[in-house]
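Colleague: Pasting the feature list from TrEMBL:
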COMPBIAS  410-420  compositional bias 'Polar residues'
COMPBIAS  423-444  compositional bias 'Basic residues'
DOMAIN    3-110  domain 'Ig-like'
DOMAIN    116-203  domain 'Ig-like'
DOMAIN    215-300  domain 'Ig-like'
DOMAIN    305-391  domain 'Ig-like'
DOMAIN    449-550  domain 'Fibronectin type-III'
REGION    395-455  region 'Disordered'
SIGNAL    1-19  signal peptide
Amino acid sequence: MRPLLFLLASSLTLSQTGADLGLWFVRWPEPITAPVGDDVVFECSVNVPAESVRWRQGDHWLQQDRPPPPRPTSTSRLLVKFEDEKQEGDYQCVAWFGASALASTPARLTLAELQPFLYQPQKEVRVTPGNTVAIACPPPVSKPPAVIQYLQDGTVMPESSNTLATTGTLILPNVTAKDSGVYTCTATNYITGMVINSPMKVVLKVEKSNESGSPRFLYQPQTKYTVQAGQNISLECCGIGNPVPVVSWRRVNSDLPIGRSEQIPGGLRIAGVQLADAGQYVCELKNGVPPMIAQLITLEVQVPPTVSKGPSNAVVEEDSDTELTCEATGSPSPNITWFLNGESILNDSHITPQGGNLIIKKIQKRHAGIFQCFATNAAGVTFGAAMIQVSPTQVTAGDPPPYLPEIDSNEQIESSTTQGPGRGRKKDHPRKNKDRRREKKHRNNVMIPPTRPNITRLSNKSVMVRWSVPPNPGLPIQFFKVQYQDLDSSGKHGQWMTSNEDIQPHINSYEVDGLITGHHYRFRIAAVYSNNDNKLGRTSSKFHLNRGPSNDETPFFPPNLTYAESLSPTSIRIHWEVSF
């Protein structure tokens, strides 16, 4: 067995909170990119067992093959056999507690793909020694983003080569005659394993010259960058000239970030980006030969949304008016959407969104339940929630019965099938509240297990196992172990085999090899926590290791890890080389 290391970075922040209700998601569906043919498992878990859990894709409720559990459950899984691009989209779980429901944030299922490179004409570059040369390989459309690798004269660039983490541009600082050659590049989709060659070809000639030349860009620098707060970023600005240009950086109407910015070959690096770093930056290149050149670059910083003031639990009298509040911060400014018991409120004539708030006119009994306001922007999504109880209008003897508005048959059916026998009222029991306070007090000592793993075939004898652990306030994980079970081996049936390696907590994928073609397997992930205790994740679905096409037996050359660099507190870039 050998672990595969990839760029691990979170580009979307998800938050699941309904703590004011005494309900919250311990685990929620997470975004995943997978190839066609994969079995994808979404999972969600609530701190309190739900009477039922339903799943939907977009606005469409999904039919699940297995019957609902006979008793309340805190965990639900959805198996998606990824066979068609129509299955792409947002998946969401909705947990029911009597007639009230709590919806998770959605998770996107994306089809892994790698499209061809766009045409790039051959380029010849002549520079004098000492210049810093940028060679760009515009990546093709790829999900997830493709890994770009550069070659010099057909040979993969060594580990000493330098690429800007943000743009992927190859930077050759202080070039000499040894840097002369033909540069090409390839793109790899690490999910599908597909590798394609770029038509890009740059012929670099490094030679001395007595002819002066003003600074110039080989490639027009990128003019706009978007980064999430907390990450690192490199702004690219690289030019050549004779004499070698001097590059300087400044910020429009402000100073460069103090202690977090440094000039690097080919650009400006800013570590731990903050919202205050957003704005315009200017790089200037001078070498004494006019004209100088400059480039204006705009940096946009995104901050995941936070619900600063959410709706409050309330008891409202029937036929009265009420207003629910939802204030959220983030960059860009979050968009607010409202749900009642897991359904959009847009088609309800009694309810009107107004800014971030919600106006309910003449509230009815059908409006009782859990209201959620979802705050969404490009950096993430979160929600606030509140329980609204509707007290019926008091009717005294001699008063005429109140007017009952006509409701359609669909609403009647929905009411009859989701109305619980008053179970939600039991949460007011003092013993329950005491238990919940005790549960909340000891929540930080909880061991949150890994998710049920997704399995992808790599070859006739190996598979890729992928899992995740949702952000949580529980104990930190020291390392993982992968276990698997051969269901077709008479001698080992029922015996779990365990990987030898301790898999570091930031790694969420692992290759299991030495398997037998045609056999059925199950996999699971064990986590060892900071208290030296361990907990097993859920077992995968049964996986059949089919035989692939004949070219599947091509000898495999494992990559050699060269070095790693930090991009942010939550992400790293891994560099490796492959020998053929």
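Numbers run from 1 along the shown chain.
The backbone N, Cα and C atoms fix where each Cβ goes, and this holds for glycine too.
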Colleague: Return yes if the domain 'Ig-like' (215-300) and the domain 'Ig-like' (116-203) have at least 3 CB pairs under 8 Å (sequence gap of 6 or more), otherwise no.
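Modeller: Yes; at least 3 Cβ pairs under 8 Å.
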Colleague: Which residue counts does DSSP yield for the domain 'Ig-like' (116-203) in the helix, strand and coil classes, in that order?
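Modeller: When I sort the residues of the domain 'Ig-like' (116-203) into the three classes, I find 3 helix, 38 strand, 47 coil.
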Colleague: Take the domain 'Ig-like' (215-300) and average the pLDDT across it for me.
Modeller: 96
Colleague: On the DSSP side of things, how many residues of the domain 'Fibronectin type-III' (449-550) fall into helix, strand and coil, could you say?
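Modeller: Going by DSSP assignments, the domain 'Fibronectin type-III' (449-550) contains 1 helix, 40 strand, 61 coil.
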